[in-house]
Amino acid sequence: MATLLRSKLSNVATSVSNKSQAKMSGVFARMGFQAATDEEAVGFAHCDDLDMEHRQGLQMDILKSDGGDEGAEPPLEGDIHYQRDGTGPLPPSASKEGGVCAELSGQGKPKITAWEAGWNVTNAIQGMFVLGLPYAILHGGYLGLFLIIFAAVVCCYTGKILIACLYEENEDGEIVRVRDSYVDIANACCAPRFPTLGGRIVNVAQIIELVMTCILYVVVSGNLMYNSFPNLPVSQKSWSIIATAVLLPCAFLKNLKAVSKFSLLCTLAHFVINILVIAYCLSRARDWAWDKVKFYIDVKKFPISIGIIVFSYTSQIFLPSLEGNMQNPKEFHCMMNWTHIAACILKGLFALVAYLTWADETKEVITDNLPSTIRAVVNIFLVAKALLSYPLPFFAAVEVLERSLFQDGNRAFFPNCYGGDGRLKSWGLTLRCALVVFTLLMAIYVPHFALLMGLTGSLTGAGLCFLLPSLFHLKLLWRKLLWHHVFFDVAIFVIGGICSVSGFIHSLEGLIEAFRTNAED
């Protein structure tokens, strides 16, 4: 009896202490401060400011009272902590830091279904860069077709193992999500000696891929317009300058709400264009040059084709946030299977029938092979899609650069580019404009769609899709892996490394040669 009485008195004292602490933290929260407990310090350390996408899943939750006894007092406002499993609701008032993390993680928004997640993956791997695949078949023949299938299988597998790295087994033997992003996985692999090195490497790779994607949009816009109106006295470089002038307002973007309204329309238009190209090729099926499909490869140019094919499948960088926002994450594997199977079939058919139609005359952008009567219409739609797609990677690249170089707290290399009222400073706007101009200069001096696409795919595409996922999977989960998983991971890492180095060297050589030629002109 005495023991029971002491236990009740202890519970009452603990409850009073908790309520007083909760009230004090609530006062601090309303004043704009956040009480810093050990759990919150860990939460803020995980809340990576380098990229919006790398903060998916961090949520603020009301601290539950110990024991959960019947009649216990509900937690008060302000007594909050980070929930790594993403199960807790957002409290009414959160600190400034917590509010930002919640906003960027999409908290409060409805979860997406497996079909909606599949649509996002399809948009990423079935974009307009598919137009360069027939050019890859030109230099790779049947091996290029095999590589389209092989890349689909490998990217599907590495996407799954990347998501597996987000989970670990807790003390109760349950599989729980302990990481939220690609950066978290990379940092976990480099900890404890270099706890932030992996995340910085991933962010650098992402910046390179995003900026190169912007350059490719400018290149393809100039290329398509020049080939659509060859009789006009306007060069491809001039068309690229005109396209960049249209894109210059991107430097003033504060969000992507206006641009996102056109994303679905652009995607549907691109699918229609692909169908039109395939329909035209099928109409010339009698003239298909099957004898032109080679069993041997062009040793000098095929490595570039590898980069082109790999780049067309890149989607790993946003898969962790996508899986974290699914209603049923268990459907992720099934979603990855059918999206990559569909992509493999469509890409293989598109590349093959387009190459069979034009054979050795296949150009870097396949729509340039269309008759002049329909080429202009199709290319104008593609240019519109490219210009409307440019703000997405541009805005993402700007966010990563600003947060890592100008807004990363005490670790920032330069002063904050935003004023106290949240407005962008003049020199910050100048830097954004400089990034737009940089994409233009690259497009002018290296106006080669296939070379740039091959370089990007060999450098960042192979790294983010092949090398890093297999390496992280071995590092984090090697004790629980079956022998065939270890074999697959090692094989993918070795093959991916060889293809990446070979493609990068050949693409870089081609770009240097093209740069010298343009500089002489």
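Cβ atoms here come from the backbone N, Cα and C positions, even for glycine.
Note that this is a predicted model, so its numbers are computed, not measured.
Among the features that TrEMBL reports, domain 'Amino acid transporter transmembrane' is placed at 111-507.
Residues annotated as region 'Disordered' in TrEMBL: 64-97.
Cβ atoms under 8 Å from those of the transmembrane segment (143-167) belong to residues 125, 133, 136-137, 175-180, 182, 184-185, 188, 295, 297, 302, 305-306, 309-310, 312-316, 319-320, 323-324, 332-333, 336-337, 340-341, 343-344, 347-348, 351-352, 465-466, 469-470, 472-473, 476-477, 485, 488-489, 492, 496 of the same chain, restricted to positions at least 6 beyond its ends. Summarising the annotation, TrEMBL assigns transmembrane segment to 143-167 (among others).
Listed as Cβ neighbours of the transmembrane segment (207-226) (distance under 8 Å, sequence separation of 6 or more from its ends, same chain) are residues 128-129, 131, 234-237, 239-240, 242-244, 247, 314, 317, 364-365, 367-368, 379-380, 382-383, 386-387, 389-390, 393-394, 396-397, 400-401, 435, 438-440, 442-443, 446-449, 452-453, 455-456, 459-461, 464. Annotation comment: TrEMBL describes 207-226 (among others) as transmembrane segment.
Taken from TrEMBL, the feature transmembrane segment applies to 262-282 (among others). Taking Cβ pairs closer than 8 Å, the transmembrane segment (262-282) reaches residues 123, 126-128, 130, 346, 349-350, 353-354, 356-357, 366-367, 370, 374, 378, 381-382, 384-385, 388-389, 392 in its own chain, all 6 or more past its ends.
Annotation comment: TrEMBL describes 302-322 (among others) as transmembrane segment.
The transmembrane segment annotation in TrEMBL covers 334-356 (among others).
Feature annotation from TrEMBL assigns transmembrane segment to 376-401 (among others).
Below 8 angstroms of C-beta separation, residues 211, 214-215, 218-219, 222, 237, 240-241, 244, 247-248, 250-252, 394, 397-398, 401, 417, 452, 511, 514-515, 518-519 of the same chain, each at least six residues beyond the ends of the transmembrane segment (429-446), sit close to that stretch. Residues annotated as transmembrane segment in TrEMBL: 429-446 (among others).
Taken from TrEMBL, the feature transmembrane segment covers 452-474 (among others). Remote same-chain partners of the transmembrane segment (452-474), defined as residues 6 or more beyond its termini with a Cβ less than 8 Å from a stretch Cβ, comprise 129, 132, 154-155, 158-159, 161-162, 164-165, 182, 185-186, 189, 202, 205-206, 208-209, 212-213, 215-216, 219, 303-317, 442, 446, 481, 485-486, 488-490, 492-493, 495-497, 499-504, 506-508, 510-511.
If you look up TrEMBL, you'll see 486-505 (among others) marked as transmembrane segment.
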